[in-house]
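Student: Sharing the features that TrEMBL gives for it:
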BINDING   34, 64, 67, 152  Fe cation 1 binding site
BINDING   64, 116, 152, 155  Fe cation 2 binding site
């Protein structure tokens with residue numbers, strides 16, 4: 001049996017550390033993202049909850065609440081440090097949701113399309129990285145990310161079905177939101 005001395009690691013330990021860093025990053029950023037998504041829908045409901053779009057937004061928000069609840073559980077299970085920027089994501093998410101909702105139902109749906117397109121892409125990237133890691137064996141986490149990715153795709157498609165592309169300045173609006181989401185992901189992975 002190989003003994004480990006202080007400061008010396010076996011190859012297996014280094015691979016486990018690398019996998020652990022990947023899992024930490026995945027859970028940290030997904031937890032932050034699901035918190036942000038909750039706040040976006042909270043903001044949209046504050047403005048549009050009484051409109052015909054309210055029921056649709058509420059349905060998507062209920063799924064996001066379940067996503068956040070699961071990542072709350074995973075952050076504890078894996079003992080992952082949450083992003084230090086949670087207070088910022090709370091405010092920014094609500095402001096984005098309420099702000100786009102103030103522009104109208106179609107703009108709120110354009111926000112959903114933009115956010116969810118980035119999140120689906122992000123979840124797909126995470127799945128590839130986790131499946132490519134020979135030390136990663138947590139099928140439950142893979143299944144969770146796959147299920148949430150599919151629900152985020154459903155939200156994206158719902159936004160399109162509810163006229164997102166008819167929002168004023170759709171392309172510019174969604175491009176700005178996508179840029180913001182991608183930036184938030186990069187920050188939350190590390191901070």
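Just so it is clear, glycine is given a Cβ too, placed from its N, Cα and C backbone atoms.
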Student: Cα-Cα, whole number of Å: residue 67 (Fe cation 1 binding site) versus residue 155 (Fe cation 2 binding site)?
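Tutor: It is 13 Å, counting Cα to Cα.
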Student: Taking just the CA atoms, what is the gap between residue 64 (Fe cation 1 binding site) and residue 155 (Fe cation 2 binding site) in Å?
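Tutor: Answer for this pair: 10 Å between alpha carbons.
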Student: Same chain, not part of 34, 64, 67, 152: whose C-beta falls within 8 angstroms of the C-beta centre of the Fe cation 1 site? Give them in sequence order.
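Tutor: Result: 33, 37, 38, 63, 66, 68, 119, 148, 151.
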Student: Relative to the mean position of the Cβ atoms of 64, 116, 152, 155, the recorded Fe cation 2 site, which additional same-chain residues have Cβ within 8 Å?
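Tutor: Once 64, 116, 152, 155 are set aside, the remaining close residues are 37, 60, 63, 112, 115, 119, 151, 153, 154, 156.
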Student: What are the sequence-distant neighbours of residue 152 (Fe cation 1 binding site), meaning same chain, six or more residues apart, C-beta distance under 8 angstroms?
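Tutor: 116, 119, 120, 123 - these are the non-local Cβ neighbours of residue 152 (Fe cation 1 binding site), listed in sequence order.
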